[in-house]
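As recorded in Swiss-Prot, the features of this protein are as follows:
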{"type": "DOMAIN", "residues": "4-68", "note": "domain 'J'"}
{"type": "ZN_FING", "residues": "135-217", "note": "zinc finger"}
{"type": "REPEAT", "residues": "148-155", "note": "repeat 'CXXCXGXG motif'"}
{"type": "BINDING", "residues": "CYS148, CYS151, CYS205, CYS208", "note": "Zn(2+) 1 binding site"}
{"type": "REPEAT", "residues": "165-172", "note": "repeat 'CXXCXGXG motif'"}
{"type": "BINDING", "residues": "CYS165, CYS168, CYS191, CYS194", "note": "Zn(2+) 2 binding site"}
{"type": "REPEAT", "residues": "191-198", "note": "repeat 'CXXCXGXG motif'"}
{"type": "REPEAT", "residues": "205-212", "note": "repeat 'CXXCXGXG motif'"}
Amino acid sequence: MAADYYQLLGVARDADKDEIKRAYRRLARKYHPDVNKEPGAEDKFKEINRAYEVLSEPETRARYDQFGEAGVSGAGAAGFQDFGDMGGFADIFETFFSGFGGMGGQQASARRRGPTRGEDLRLDLKLDFRDAIFGGEKEIRVTHEETCGTCQGSGAKAGTRPQTCTTCGGAGQVRRATRTPFGSFTQVSVCPTCEGSGQMIVDKCDDCGGAGRLRRPKKLKINIPAGVDSGTRLRVANEGDAGLRGGPPGDLYVYLFVSEDTQFRREGINLFSTVTISYLQAILGCSLEVATVDGPTELIIPPGTQPNAVLTVEGKGVPRLGNPVARGNLLVTIKVEIPTKISAEERELLEKVVQIRGDRAGKGGIEGFFKGVFGG
């Protein structure tokens, strides 16, 4: 399965264009082949470029968010971007050292953990073969974290409020100073009492136990676009876990797995099937009814059709994802059935045909006739 582009760039799914651009520039400098000579760096650089190529454009990003790689598989190639405005390498060092405490008494500013976006969820959904082709509405059931209705997500008992954390004084972080022969170092870490929120709950909500969220099942109706296939990913916005401390909810990602069909085989937007006809139908030609995903349709078998010939029924394949008006084709492989036993009258007639054609019949049979007709 292809790597997630957001994870490749190290950004959240709701990151804005500037955040994506900054992350891309930082990683591009790190893995650029002229700078990084380690094995695999060039491949990583190409992956980063591809991720930025997709996520930097609103249209391709929207398709990727809804369908995953399948929605952008035709959107350009993993080429290089313009690095003319990348500037110097100074911010690389800022990235390296910005997370550490200061030296010689200088300290990083404390940050309280604010609203946090809820976690994204994944649901694997098995689809019927024809449902994947034509799409439609599907009801699913998910279990996710919902904001507690009693405390409205605060985690505190009714009539009470969270209080300032006594461990960190509301900063959400604690500092520990260490003296060494090289100077003083300050280590900053998340407060273990309030877990970075800066607040602690003394009287916890009876329903959620102070968590601010409750795990609940939920039924959803989602729209399956026509033309999806195994591996297609659908994004259902805001149906992941509820956020913390007033943060937005995450998203639900539905990964589709399509069942196989007994009549048809699928490759992309084309369908394949097999039809068996008699040797006389192959020689003389005929019109017969064949099955399609839309229902029966007429197929013309031309005279002299050879075994394993492939005939095309246009427009009876799979709708193109994102453009259901455009459809693939149904390709029908023709199998010719040669009888193992024939009546005396049929044999007599066939032997006359052999004489007319001048074919040489095998001993006790008319193999030469069939070889002459079908090129065997």
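Heads up, residue numbers simply count up from 1 along the chain you see.
Including glycine, each Cβ sits where the backbone N, Cα and C put it.
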**Complete:** Row CYS168 (Zn(2+) 2 binding site), column other C-beta within 10 angstroms, all chains, value 23
**Request:** Could you check if the repeat 'CXXCXGXG motif' (148-155) is in contact with the repeat 'CXXCXGXG motif' (191-198), meaning 3+ Cβ pairs under 8 Å among residue pairs at least 6 apart in sequence?
**Result:** no
**Env. residues of Zn(2+) 2 site, Cβ within 8 Å of mean position of CYS165, CYS168, CYS191, CYS194 Cβ** = THR166, THR167, GLY169, GLY170, ALA171, GLY172, GLN173, VAL174, PRO192, THR193, GLU195, GLY196, SER197, GLY198, GLN199, MET200
**Request:** Work out how many Å separate CYS168 (Zn(2+) 2 binding site) and CYS148 (Zn(2+) 1 binding site) at their Cα atoms, rounded off.
**Result:** 26
**Message:** With every protein chain in view, what's the tally of Cβ atoms within 10 Å of the Cβ of CYS165 (Zn(2+) 2 binding site), excluding that atom itself?
**Reply:** 22
**Nearest of the binding-site residues (CYS165, CYS191, CYS194) to CYS148 (Zn(2+) 1 binding site) - Cα to Cα** = CYS194
**Prompt:** Using an 8 Å cut-off from the Cβ centroid of CYS148, CYS151, CYS205, CYS208, can you name the remaining same-chain residues around the Zn(2+) 1 site, in sequence order?
**Reply:** GLY149, THR150, GLN152, GLY153, SER154, GLY155, ALA156, LYS204, ASP206, ASP207, GLY209, GLY210, ALA211, GLY212, ARG213, LEU214
**Prompt:** Within 10 Å of the Cβ of CYS151 (Zn(2+) 1 binding site), how many other Cβ atoms are there?
**Reply:** 23
**Complete:** Students should find that the Cα atoms of CYS208 (Zn(2+) 1 binding site) and CYS165 (Zn(2+) 2 binding site) sit apart, in Å rounded to an integer, by 20
**Message:** I need to check the long-range neighbours of the repeat 'CXXCXGXG motif' (191-198): which residues 6 or more away from its ends have a CB within less than 8 Å of a CB in the stretch?
**Reply:** 112-113, 162, 164-168, 170-174, 245
**Message:** On a simple 10 Å Cβ count over all chains shown, which one of the binding-site residues CYS148, CYS194, CYS205 is most densely packed?
**Reply:** CYS194
**Fill in**
Same-chain residues at least 6 positions away from CYS191 (Zn(2+) 2 binding site) with a Cβ under 8 Å from its Cβ, in sequence order, are CYS165, THR167, CYS168, ALA171, GLY172, GLN173, VAL174, GLY198
**Request:** Fill in the CA-CA distance, CYS205 (Zn(2+) 1 binding site) to CYS194 (Zn(2+) 2 binding site), as an integer in Å.
**Result:** 16
